[in-house]
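Novice: The structure under discussion is supplied below as structure tokens; questions concerning it will follow.
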2 protein chains.
Amino acid sequence: MTKPASNLQIDSSRLWDTIHTTAQFGATPKGGVRRLTLGPEDKQVRDWFRAACENAGLDVQVDGLGNMFALRRGRDMSKPPLGLGSHLDTQPTGGKFDGILGTLAALEVIRTLNDAGIETELPLCVTNWTNEEGSRYAPAMMGSAAFVGDFTVDDILGRKDAAGISVAEALDSIGYRGDLPVGAQPFSGFLELHIEQGPILEAEGKTIGVVENGQGVLWYDGRITGFESHAGSTPMNLRRDALATLSEIVLAIEAIAVELGNAVGTVGEAVIASPSRNVIPGEIAFTIDARSADAAILAQLDERIRAAAAGIAAKRKVEVTLDLVWRKEPTHFDKTLVGAVESAANALGYANRRITSGAGHDACNLNAKVPTAMIFVPCKDGVSHNELEDATQTDCASGANVLLHTVLSLAGVAK
Amino acid sequence: MTKPASNLQIDSSRLWDTIHTTAQFGATPKGGVRRLTLGPEDKQVRDWFRAACENAGLDVQVDGLGNMFALRRGRDMSKPPLGLGSHLDTQPTGGKFDGILGTLAALEVIRTLNDAGIETELPLCVTNWTNEEGSRYAPAMMGSAAFVGDFTVDDILGRKDAAGISVAEALDSIGYRGDLPVGAQPFSGFLELHIEQGPILEAEGKTIGVVENGQGVLWYDGRITGFESHAGSTPMNLRRDALATLSEIVLAIEAIAVELGNAVGTVGEAVIASPSRNVIPGEIAFTIDARSADAAILAQLDERIRAAAAGIAAKRKVEVTLDLVWRKEPTHFDKTLVGAVESAANALGYANRRITSGAGHDACNLNAKVPTAMIFVPCKDGVSHNELEDATQTDCASGANVLLHTVLSLAGVAK
């Protein structure tokens, strides 16, 4: 026996148009988006999103860190809503799908239910989490991390960007410090659709990734203090070169991640103090990002990266400090919700596989407090955090359909 | 038989005071100097220097690139003057002796001759060369390079700093674009006193370095184009990491210089485009400085650095370009003048040795057009291009005395 809503499909063209409408806010020449959290372009997209939610009949609330919650009433308002969404901020040279697809597909699910006149048993709540990217403010996934209590609100409000502007000041400057207490919005479950940001689904010809796990993450701030001296007259054996030291550290991290397997390690930022072409670099600030889906490997990454840095520092007679600014253990998503995603993908006939998320997501934070699952769709060449990030209209629509039918199965539809 | 001036000594206290007076223009908290060429602090020191030269009875002229020439009349004005001097600009975090000692010791020689009422046969010309350091504008030793015809004046005037300000604009803004045609000032010879900027004299307990040679120099601008992607979800084997590429290049240059011997190699600048801690670096601009006093080794450096960069690029599937922006062959100073410096050091009883200059100097440029020699004095721990650069009053005075007596022997003193 078929449920009344079993053939329902989202409107692929409307979803695609919506994605391209929001891509105008911070559009870059190469077709990407630069929409740093809490900046003017983020305000533009937030204003647009609030209006679109209100037009769809949702009641929008904003919490004290700018997280946005758009509620659709359910038949049983005594139950917490089922959450669905992602984020609308981007990397400095980001794409138009990362986060955005998940938030706008959630809106598309609501629009589709509205058009079909379907009321769900549970209320639904479309969310936009603040500062998922972490480019302007650390930590990444800031809004959802504070939501689940990993950080206090005061701690987060006081964080500053490179220009010295605090999160509190940035929120106030765009008018998105809301009244809702952070963490107060209840959820009965949470679903996030996202592009894979990796190459696996595309390589295997799958349409849907049923996300089982998320990688654990280590973030370090590093500093190397060698000694500045003349590049022409300082013999090679008397140098204390900060950049040569960093070079060994970068290659050591690469080798450690390869050797451990099921791990990645990256130095993403490195700034030489007072650089000059004929001066040996004396001081460098840098960052490390290391990840694994396996808790034991994550612990080994931490140990071996620290040991490598210390050994290189001793050999080169320079000082190296590593400050662990964020550590997150691997995520294991809720088995029931993961099963619901898989059933929806199978029912819709989409080729799918279980997968681990290489990137961190708001859903990984949410999972600590709320049963959570994620849905992945392929992205071109596995590329993300890049203006060339791309996904097909068909894959985006397929992901949104899996989101729709997972929602229908979890939130309950009237017979 | 002793010449009348054979016991003449410069005024050590006056030289020391003069050095510390000019160190105020651009003084840094750690006791160094930040006096970038043609900036406001450079104007301050130039104005001070012009006034001091005029007070010493010298006639100051400025050429079209801001090179300053302060003439003391000789008995035979039909002969070109003997030049002596160095530069007054510094590195971004430089010291108070590099270049400055040579310019102010030249002034001190003039003051000493004035006090003793000594007239020389040849006129003398104290010089301050523009932009020896090369930090704000490439090439280094810009003023003296254009003076000897290595670059056209128009080429140099059009060079821009990181803020887009041309040399012409910078000269005009501080009022130091003079009327004297560049290269017009004749010299019968040129002498430059300088701190060693290396550790050899100190290590061997020598007071004076009699500089025979100067290292040849290769300067490259490099660019690495890999591919930006997500640090969490891009597997290690699918990365095209620009920073890991740079790291291999840095360590390869280090290894090549060590292996060749009589060579140094340094990456002094490296800037990641759009850095973010969770993005694999996609693009890096960097510089290489490689030197040797041996022409054959310099040629091998060029060949091996290029081959290493190409090999690393191919292995990592990234693009690496190296643009040779400056090449200078090793310098061999004038045997007669080098001998005169050595004789003066011996006559004064200073422990001395023949030495190669690790750093480039205006004297290396001058040598192509004018018989030239250099005098080195030790600096603490061999440190230069650093706020901690230091030299003793005694060593500075000894160097100035060698300069004085080399001038007396070459310029001719009335019997």
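Backbone N, Cα and C define each Cβ position, glycine as well.
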Novice: Determine which of A:His385, A:His405 appears in TrEMBL for the same Zn(2+) 2 site as A:Asp98, A:Glu133.
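Specialist: Site partner of A:Asp98, A:Glu133 for Zn(2+) 2, according to TrEMBL: A:His385.
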Novice: Using other CB atoms within 10 angstroms as the count, which residue among the binding-site residues A:Asp98, A:Glu133 scores least?
Specialist: A:Glu133
Novice: Using Cβ-Cβ distances, find the residues under 8 Å from A:His194 (Zn(2+) 1 binding site) that belong to the same chain and are at least 6 apart in sequence, listing them in sequence order.
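Specialist: Result: A:Ser86, A:Asp98, A:Gly99, A:Leu101, A:Gly102, A:Ser357, A:Ala359, A:His361, A:Ala363, A:Met374, A:Ile375, A:Phe376, A:Val377.
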Novice: Are there any residues in the same chain, six or more apart in sequence, whose C-beta is under 8 angstroms from the C-beta of A:His87 (Zn(2+) 1 binding site), and if so which?
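Specialist: Within the chain, A:His87 (Zn(2+) 1 binding site) has Cβ neighbours under 8 Å at A:Gly99, A:Ile100, A:Gly102, A:Thr103, A:Asn128, A:Trp129, A:Thr130, A:Asn131, A:Glu132, A:Glu133, A:Gly143, A:Asp362.
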Novice: Around the C-beta of A:His385 (Zn(2+) 2 binding site), how many further C-beta atoms are within 10 angstroms, looking at every protein chain?
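Specialist: Around the Cβ of A:His385 (Zn(2+) 2 binding site), 31 other Cβ atoms lie within 10 Å.
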